[in-house]
Amino acid sequence: MKKLIVLTCCIMICLFSFAQKRNEIIVAKDGSGDFTTVQGAFDKIPSDNKLPVTIFIKKGIYKEKLHLTKSKKLVTLIGEDAANTILTFDDHTGRVAPSGETIGTSTSFSFLINADDFTARNISFQNDAGYNAGQAVAVHINGDRVAFYNCRFLGNQDVLLTNNKDSRAYFKNCYIEGTTDFIFGAATAYFDHCSIYCKRDSHITAAATPQDHAFGYVFYDCKITGASNVTKADLGRPWRDYACVAFIHCYLGHVIKPEGWSNWHNTNRDKTARYFEYQSYGPGADPSGRVAWSHQLTAEQAKTYTIKNVFNNWIPTDK
């Protein structure tokens, strides 16, 4: 009997320890959770956090300017469902912030992620400043090993900013929409089976890949579509000289113009930009009309675009 009591006590201690380590938080606008705001949940996480924290977010529109600081690592956000769990704000370039400073592109974010090892699932991230607002970032990523699964990125110009050249970001089964340069920055990012939606005749990517980085943006088995009146969008233009973007096994809809790419009216970047395609298909995929300075990969070259290789041995885990 004594052994049974001791064993029971040990099991209870282990269960309590496991519950503590799980560190679960619930956010609900109706007050049924631990917090009514997402930032409130972020603020609860201790600085220099070393344990995984999972934040469950119930359906609702959460209008907050969010910041996950660098010291708050290992955070996972899980929405009740992607269509109805919306994190949004409406800052944009030129607006004056409460601090008195004028907002620029990098500070127009709805959500700034400075922490490493961040994951999000089933959430919409939005900047609803409107088409005429100019640059208005929905998500600004600076952290490393950042992953999004079944998420939506909504806005117009400059929607998704991957700004840190040392950052690696993974997107699986995500939807990303925008007008101009709506996926941009210097990071290495892999878009896996994602849907890209062009709202205007403009540019999808504006990569700023450093010269010494072998990979920039990789779109693998993605679907590029858009509004019915869009027919002159392109896959990207080089924000910096050595921009590197590859579309592999992607469906390219009617929205992509025959040239495929833009040089941002800078012929010097024709010589340095690294733009690649492999086995694109669909009405916008004909390689015969592409700009001369873009490249069609060979089968051997395409084999190097594995997640493990692109991310230098980091492989995101879809758990």
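Every residue number used here counts from 1 along the chain in the order it is shown.
In case you wondered, yes, glycine gets a Cβ from its N, Cα and C as well.
Please treat TrEMBL annotations as automatic predictions, because they have not gone through curation.
Per TrEMBL, the feature signal peptide maps to 1-19.
Mean per-residue pLDDT, taken over the domain 'Pectinesterase catalytic' (24-310), amounts to 98. Residues annotated as domain 'Pectinesterase catalytic' in TrEMBL: 24-310.
Around ASP181 (active site), taking its Cβ as the centre, 24 other Cβ atoms fall within 10 Å, counting all chains. The active site annotation in TrEMBL covers ASP181.
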